Structures are given as C-alpha cells and as structure tokens.
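What follows is one structure encoded as structure tokens, with my remarks underneath.
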Protein chains: 2
Amino acid sequence: MPTTGRVLKRLLVGRAMRSDRLGETLLPKRIALPVFASDALSSVAYAPDEIFLTLAVAGGAFATTHSWQIGLGVVFVMLVVVASYRQNVHAYPSGGGDYEVATVNLGPRAGLTVASALLVDYVLTVAVSISSGVQNAAAAMPFLRGHEMPIAIALVVLLTAMNLRGVRESGSAFAVPVYAFMFGIIGMGLFGFARAAFGHLPQAESARFTLLPEPGSGGIMGFAAMFLLLRAFSSGCAALTGVEAISNGVPAFKKPKSSNAATTLLLMGTIAVTMLMSIITLTRMTGIKYAENPATQLWINGHPVGPAYQQDTIIGQLAKTVFSGFPVGVVFVSIVTGIILVLAANTAFNGFPVLASILAKDGYLPRQLHTRGDRLAFSNGILILAGAAAFLIFIYNAEVTKLIQLYIVGVFVSFTLSQTGMIRHWNRHLRTERDPKVRARMMRSRIINSIGAVMSGTVLLVVLATKFVKGAGYAIAAMVVLYVLMQAISRHYRRVREELHVAETDSDAQLLPSRVHAVVLVSKIHKPTLRALAYARATRPSVLEAITVNVEPDETRSLQQEWDRRDIPVPLKVLDSPYREITRPVVDYVKSVRRGSPRDVVMVYIPEYVLGRWWEQVLHNQSALRLKGRLLFTPGVMVASVPWQLRSSEGVEDRLDRPRAGSIRRGS
Amino acid sequence: MPTTGRVLKRLLVGRAMRSDRLGETLLPKRIALPVFASDALSSVAYAPDEIFLTLAVAGGAFATTHSWQIGLGVVFVMLVVVASYRQNVHAYPSGGGDYEVATVNLGPRAGLTVASALLVDYVLTVAVSISSGVQNAAAAMPFLRGHEMPIAIALVVLLTAMNLRGVRESGSAFAVPVYAFMFGIIGMGLFGFARAAFGHLPQAESARFTLLPEPGSGGIMGFAAMFLLLRAFSSGCAALTGVEAISNGVPAFKKPKSSNAATTLLLMGTIAVTMLMSIITLTRMTGIKYAENPATQLWINGHPVGPAYQQDTIIGQLAKTVFSGFPVGVVFVSIVTGIILVLAANTAFNGFPVLASILAKDGYLPRQLHTRGDRLAFSNGILILAGAAAFLIFIYNAEVTKLIQLYIVGVFVSFTLSQTGMIRHWNRHLRTERDPKVRARMMRSRIINSIGAVMSGTVLLVVLATKFVKGAGYAIAAMVVLYVLMQAISRHYRRVREELHVAETDSDAQLLPSRVHAVVLVSKIHKPTLRALAYARATRPSVLEAITVNVEPDETRSLQQEWDRRDIPVPLKVLDSPYREITRPVVDYVKSVRRGSPRDVVMVYIPEYVLGRWWEQVLHNQSALRLKGRLLFTPGVMVASVPWQLRSSEGVEDRLDRPRAGSIRRGS
C-alpha cells in the first residue's frame, strides 16, 4: 500500500489491535443497550408514520379511529417477541442467534433460510434507518430537502469508516445520542401529557386540514377495510425489527453474558413500547393529519394543499406542537431523532459482519469474510453491507415508504423459524432432564416460545399477504438468491475438502519422486539469472539444465555466445517457438521430460526481479507471471521463484515490516 | 479464457499466424495506396468544409473571393511536403519515418518530440475521420442525425476488431471503397465541369441563401481579415495529414520498398490535389453557401433559416447539384465518402501500433506494446489508440469542427523536425561522399528538404498562432505529457538494466550458497501438503522442516496430534502469531534462519491447490498468494509452489494446450 493510502487508513481506521485485546472490547449493559437496541428503539421514528399514512388511505377519521388498535397490536407482538427471545439468549449464549437456533434444532436448511433472511434484513435496516434519519433531519434543516439520496449515501460511507475502526469505540460514540433520544421522546411524551392534563395541549398545525381518502378508496368497508388494517399493522411491525440484534450479539456482552443480554432485551422492549404508544396517543390528541400523498389528500377550504406543502414527519410535527413556545425542545427532538436513526443502522453494522463471518466459518460464504481487519472488525462484511445498502438507497431514492415495503419479511421469517426451533430445543432437553424444577422452567419456556412461534408465523403471513406485490416480493427473491448461492458455495467447499482428504491408510500421497530434474529459465544473462543458476546448483538436483526460448534468433545467438564466453557450468538448451510464444514451448518441454521418466519431479526455476512500485510492475513483461500460472496446471512440476531485489524494492521491505501495517488477519 | 470468449475472439480476430508468415503480409502498391493514402485522400471530405466555414465568418462574398487562394496555398504546401517525403523514404526505408529521421539526425529528444506529436496525431486522425464520416453518411441517411456520437464510437469498435485481425486482410477489405471514392469524386468533378462547359451546371440549393457575416465580424478588414485567412489556411492544411503515413509504413511495402513507397506518395499527392481543387472550384461555381452556424448565418427573404435547416456537408451538396436528375450518383458519392472517412482512420490503426512498438523496443513505452497478437498485429497498441479516440469522440460529441482545432499541430511538428533532420542527414553524407553524380543528387535532395523544413515550420507557426486558444493548446499539452511520460519510462528501464548488469569479471553473482534450508508451509494435513512434503524430501535439502502458524490454538493442537499419529518423517515447528497474521511470522522466521547462517539459501515450499474456474479462486483464501508476494522481497529466499491439481482444473489444462489458443507473443 502506498504511504498516503496507509496514512489515510490509519486516520480512518486507527491502529491495529492484538487479538488478545478482543476481550477488552466486551460491552457493559449501559453501552450494549445503545449499541444493540438503537435499531429497535429508533423504529418508533418511522413505524407510527407508516401506520398513520397507511390508514389515511381510507381518510382521516379512519386513521384516528383505528390507529390505537394497530398500536396495541404492535405492542402485543413486541412483548411476546421480547419474552420469547429472553428464552433464546439463555439457551444459546454463543451469538449465532436465530441462525444457530434454527440450524441446531431444525437442520442446516432452516438455518440457511434464517441466514438469508437476516442478511437481507440487515441491509434493509441500514437503508431504511438512514433514509428515515435524513428525512427527520430535514424537518429541522429544510435545506436538506431534495438532496436526501446523496446525503444518505454519504452517511453510509461515514458509518462504514466508523465501524472499520472496531466495535468498542462505536459503542461509546453511540451511547450519548441514544440516551439523548430516549430522554427526548419520553420527555416529550411526559410534557405533552402534562399539558393535556392541564388542558393546555395545542392542536397541531396539520389539524386544520381535512384528510380525504385516496380516490377510489372512499368509504372503505368490510374486507377492504380489514385488509387496510392488516397492512397498517404490517407496517407498524417495523417497530420490531432489531429485537433479534441482541440475541445475535450475546458474545459482545460482559459476563454473565446471557442474563445481561436478557435484561437489556427486557429494558429495550419496555422503552420501545412506551415510546410507541406515547407517540400514537399524542398524535391523535394533537389531531395531526399524515398522508402518503399530502399534496392531494390534505385539503383546506375546499382545495388540496398542493405540492408546495412540506409534510414533516410525525415526530417533527409532534415536537413542534408539544413544545410550542419552547423552540429548544423542538430542535433537540428533531436532531436526536435524526442522529439515532443514522446510528440505528449501526446495529446492522454490528450484526451483519458477525453473521457473515459465522456463515463463512461454516463454509456458506467465501472465507475472506471470516477475516478480521486491523482493528479486529470484520472489514469485508462491513464493506459488503455498506455497498448493498447504498445501492438500495440509490435505487429507491432514499424514500422510507418504498423501502419499508421490502422490510420486515426477513425479520419475521427468522423470528418464526427461530421460535419453532426453540420448541424443538425444549422438547429435546425435556426428554433427558429429570430435575422437576428445571423441567418446570423448561416447560414454561416452551410455552412462551410456542406462543412466539405462532404469533410470528401469523404476522409473517399477514406481511406477505399485504405487502408481497408492494415490494416484499423483492426481499423474498433476494433471500432465495442468497440461499441458492450459499448452498452452491457450501457444495464447492465440501467437494474440495473431500478431494483433498487423505485417508489414514493412504500411502500414495507420501510417495517420494525418484529424482529431481531441475530447469532454469533464461532470457538474458543478468544478475537474477546468475543467482537462479547458483541457487539451483546449490540444491544438487539429479539433472540441471538451463533453457531459453528462441523467439528472436539474433538474441538467442548472442545469448549462446555469451554463455560460452562466461563458461557457465550448466548446459543451455534452446527451445524453438515458431509462434513467438514463451509459455507453450516451456510447458511442452516439461511435459516431455515427465513423459520420459514419470517418477521424476521437475523443478522449474524462474529468475525474477522485484520492483518496489506498482507502476514499475506494469512496465515489465508479465511473461514470468503468466508462465508460473500456466505451469501450476501441469502435474509433477514445482515452480520456484528466485527473486532478485532491485534497489527500489528496499523501501517496500521496510514498509511491509513496520509493525501493524495494513495486513489482514484470520478471525477467531 | 472461457470457451465462448475464445470462440468470439476467433470469429473477430481469426486464426493465429506463424511468424514466418509476416513476409506474406507485405503490400503491393495497388493495395498500399488505399491502406496508407486513405487518410490523406479522405481529408478532402472535410478540409474544404473547414476552409469555407472559417471564411464564412466574414460573410459569403469573402468566402467566395478567397477560397481558391486558400486552396492553392494548401496545394502548394502539399506538393512541397510530398516532394520532401519522397527524399525521406529513399533515405530511411526502415519505417521509423519521422521518428527515426529526427532521432538519428537531431538526437533522441527531437525524436521523442516527433513521437509524441505523431501519437497524438494518430488519435486525432481516428477521431476526426470517423466523426466526419458519420456526418457525411447522415447526408444520405438523415435518420442518423442526433446519434452521431454513439455511431462514431461503434465504428471505432468495429475498426478495432478488423485491425486485430492483421494488416493484410485490412488492405484487401479497404481497397475497393478507396478506389470507389476516387472514382466518385474525380468522376463528379469531370461530370460537373462537363456540364459547366455545356452551360448546364445548375446552382446548388443553398445558393439562394444570403450568407451573413457572424455578428461583430461584419466588414472584416486589414489585420483581422489576414488572421481569418490564415485560420482558414490552417484548417485547410488538414488535407496534409496522413502524408507521413506512407513514410512510416515503408516496411509494409513489397520490394523495392523505397521506390514503391515514393511512387505511391507521388500518386497520392497528385490525386489529393486534384480532388481538393475540383471540389473548391465546383463549390464556387454552384454557389454553395456553407457556414459554421447555418441557423443564424444563412438568411432567406430577410429571415435567418433557423434551426430547422439541416446543412449537408459540401460534398453532399455538390453531389446533389452536379448529379441533379441522377440520384444514383448522389447516393454513390455520399456513401463512398462516408465509408472512406471511416476507413481513413485505418491509416492510424496501421501507423500508431507500429510506432508504439518501435518506441517500446527503444524503451520509451511499456514492453507489452512490443508484443504482437495472435494475428501478428500489435494488439495492445491498437486497443490504446481505439480507447483514446473513442474518448475524444465522446468528449467532443463527434463534432468535426471542434476536433479539427486540435488536429494538424502534431503533423506539422513532425514535418518540421523531420525535414530539419533530413538537412542534417544530407550534410553528413555530403561530408564523406566523393562521387560527383551522387553529390549532385544529394544536394538536390537537400534543397528540397530545406524548402520543406522552412515551409512546414511556417505552417506550424501559423497553425499555433491561429488555433492555440481554439484547441491546439490541448494537443500541445497532450504531447508534453506523453514526452515527459516516455522520458520517465526510459529512465526507469535504463536504471533497471544498469542495476542488473553483470560485469564480465563479476564472480559474486555466481557464488554458490553453502547449504539449502528447506521449509514446508503447513496449514492442514491434506493431499497438497503431503505432496509438498514428499517433493521437498526428494530434493534432499541440508535441513528440512515443516512450519505452521498458530492462529487458532485448537486447530494447531489437532494438527500436531494428527502429525504425530501419521508419523510424518519431518519435524513440525509452530510459529506464534498474536496478531492472527500468517505472513509476518513466516517472514520473520525465514529471516532468523538467514541471520543464523547467512550463506544458506532458504527454500520455502508452499502447497497450493489449483482450481479451474475463476470464481472458485475467489472462494479460497488468498493467503498463499499474499505470502508468496511478500517473500519475494526477502533476500536469500526462494519460493517454490507445489501445485495439486483438483479435478476442476483438468479441463483448463486441455483448453490451454489447444494449439493457437489466446496466448500472446513477442514482436519481432
């Protein structure tokens, strides 16, 4: 890596860490909560919006009447899921999370399904959270409007750089804003309810609008209304994304890992539920009107408000209403909401690379993903996640309402399979467990997980039914592609492993070749050539000869003359090459040697000169490299590079040897 | 290369040729004329247009009055230059052309200046010719209008494919259209003059327009008029580009090369001059009005014609007028003009790669450019030329009038230096030549070349003065960049050569190492590892040990156990790695061995398994590759790859061995 690249990397990524410092990066609860729960908590910033705008398709009255029912439905699902996952973290403290639970209890296919779902979901978490964050920030900073997409992508890049620095610093950096967000939202709730109690809670600015149903959906009733309610419920379930993050992240907790994780999970659930219901209730009390297409759905004095009306997010509108006359509060809530949403994406930056690394270790993903970078973070996974999220943000132009249609499917696929797996887990343990106390606890857990499984499965069906054509289909397609890909990779690794395996009784593989036939490739007589000849002679092979390829007869002739003049004690053989190739005559010659004495091994010595700079490499013929690559396909041949270090390479040696330079390590 | 790729290549490029077939690709005069002269001839398709539209800045009357003077000026320069170059091809038959002449007589800096100029110029020849060709074709096929740029780029791609097939087939493929073009233009001239002689020559459609001077240039006089005339003359000199192509291409002629080339040159000059003057004369006789901005400059009935008017090229308008009532003639002229212009770019496809190959041989460009492809053509040079030309076409949106401003500078830089070099050439020869007859011939040549040098230098100054700000400055900048780059490359090659040189008395380089210390890298016990151990044992080194890097203690422990259980007769050494690196511990260990006994050489055996498909490579850890790259920087070390061919690699062997597959050869 050139110096500037390394300096830049050091600035962005920090100094490399020893692997025994991995322990030091474990998180206490007060840091784990913001790191792992920011996703679940932050989703209250967009889940209510999606509930209200979906209901608003049937008009304002419909939205006001039904929003609290939807809210309660979501809260109920949330509590069931939190209770279920508290069983998981105790039973599986290793951090494989849903993937491990499904694999162990339902088999590798179920595990791989969960893995595909989670991978897709992490990408969507980043895309949705960051897009929503930018949208919320725009409420306080209107000049951002119209530039949401590039800003969102820039934020993805920023998060990527932060995460390449490693998990610990991320934790401390994110604690303050997450706590500020809790303080802001819960504070706003308390303040709002207090004002209402004293009869001072004003109406929102958008309360004066009439929210008309979308054309063609006026007077929605019966089945259609039911379908709309279910769709709103699906969208509201976005609040549940991120609950599984803690169960995937158990190993990052301080000890006792499991019970710390379970406590954090409960804390998170309580806070999320509180915030969600506060927001829904306050939205109804302040009469906020929120629509998917405000320009045509919101009317005032018999006219639509038109495209000039800029609809703030619900939290933005709430802050302006609740904190009317107290602008510091408004700005505070808007800013911390924007920040927490961006940081929520960080949950995925913690989860995705760890899961990818586990999958790589299990042979489902390329091994490079099982490699920690300089800062003990899984660099490759982080980069893939960031790339995929940036792609989605670009494609969907950073619009939350569109992105959210793809979301949630993944989460509930993994919830369902994970909870089903847990039922099997308890069944298996109950078969052997004799202690009645432990049995009672297990049976209690099994009931909780069964409720969780049924609930998650039902929600999954609802989500699929109401969102498939709106985008969830794409998410399913991506999962299928990932599933097939990971199966293929796994099959490839298995095949190679089987092919390379040596049976204990196999003695063929250790068979010694009878003789070594050494061949030194010569193009010119210069220092690298002479060194290669000297080294080859030092190995005392059975046969030693130099070969040159006759591409230009004049050069070959003068080479032969110099060879004789210098009295080099190795015979020089000239290979003809009518097609001016270099590789083929050498390969053919090597094969003819092998044909002559099949039990010999041929050692081809290639003199190489080593240059220090990449552009220098471009300037030199790549024929040695090409020849090496080609000879590897020929059985019975070894290829030995004899390097000659040119002066320009000396600096590189030093640079490469500097401790903790840009090298890559295997994960643990 | 995968099979489909090879089939595609075979279709586009043809079968590979033996190098002794190089002689067969020599060109007879009747084929050499279209191949090398198409550039010079085809420029009559845009040179008159540029003369008329430049003069038109000062109005229609000004253009009509002065066009023939400019035409005669260009003809005069053309004749002088042709006469001068006839001296060159006799004196230097080796095809280095201007580059060789300048290098030999004025030194390498002058040579390099010429080379930079010519390289830039070849690129512009492609860009200008193809853009003009598309523009001319649009006169006959109006549906092409508005898509000029993509069509031009597609044509560059097509030409590239044709040239990768080799020079001979290009010759035969291009002969017919070039002769058709000559027939078409000269035939149009004869027909036009005949009609005029009988008083039947009609006026052109654009004759009814009034050509107003551009706003602010009305009534141009004195210095401004002079400047405009010079600028028109500069543009007209575009007709001279390509004259030097023949002198660069002498080796491609059949014997006697020089006199065949000189004859072809004279033929080409005569034909070009005839066509140019015919077109200018006919344009004036038919009253054609041609302007840079037809929409505002051409008026009718007191109004500008507006953007709806589509101005055909001058040849297009002439054909429609001269062949009025004979539409076959119109279509024929338009089509052959379009085709010849595209083919003219072929001159550059012949010249550029040859020049680049000569420069590469002289160490000014990377050696890869001195490599002939399967079909004996210099593939890399062809691809670079095509890329650069496509870039210019894209940047300038295929507009001839803009591209032409960058053109011509390069040609006249090389004309001037080449002719100056020729004066020195004759001076040198006159110093030793005694035969009065030969001396008289040399003195005659010297006079011709002196006139050529003064003339070219003057034109160069005129071009620079009138076009620098319009674009010639960019061309000069590109030349400077190329010059500096080529100097740097040359310095690099020289430095490496000096460093690698072995003095005849130098015995150090042949010093034999005292012992060989062999090290086999082990990560797992599988077939490649066992083979590497067996091969290493077969070489009977002084010391032999296996080493493994302890990245994951569990794996290392089980490796050690299996090692003992299998009773492998080589000691296994474990290297610790606190940073989970693989490369550094190995490099450190190797260095410590060398430190212990500096006269030993260390041979590192790396077991590798070889996979057949590129995507399979991605799936396997690149650590072996990285380690090999790193060890090359360590002195006193050899790196031996011991390949194990997996089943998937077997097909590759066969594919690579098929005769004449996609391999690359060195040029001659």
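Cβ coordinates come from backbone N, Cα and C, glycine included.
Listed in TrEMBL for this protein:
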- B:68-85: transmembrane segment (TRANSMEM)
- B:106-130: transmembrane segment (TRANSMEM)
- B:150-167: transmembrane segment (TRANSMEM)
- B:174-198: transmembrane segment (TRANSMEM)
- B:218-240: transmembrane segment (TRANSMEM)
- B:261-282: transmembrane segment (TRANSMEM)
- B:330-355: transmembrane segment (TRANSMEM)
- B:376-398: transmembrane segment (TRANSMEM)
- B:404-426: transmembrane segment (TRANSMEM)
- B:447-465: transmembrane segment (TRANSMEM)
- B:471-489: transmembrane segment (TRANSMEM)
If we call contact 3 or more Cβ pairs under 8 Å (sequence gap 6 or more), are the transmembrane segment (B:261-282) and the transmembrane segment (B:174-198) touching? yes
Ranking B:150-167, B:174-198, B:330-355, B:404-426, B:447-465 by the number of C-beta pairs under 8 Å to the transmembrane segment (B:376-398), which range is first? B:150-167
Tell me if the transmembrane segment (B:404-426) touches the transmembrane segment (B:150-167). I count contact as 3 or more CB pairs below 8 A, with pairs 6 or more residues apart. no
Please work out which recorded stretch in B:68-85, B:106-130, B:218-240, B:404-426 has the most C-beta pairs separated by under 8 angstroms from the transmembrane segment (B:471-489)? B:106-130
Any chance you could find the range in B:330-355, B:404-426, B:447-465 with the most Cβ pairs under 8 Å to the transmembrane segment (B:68-85)? B:447-465
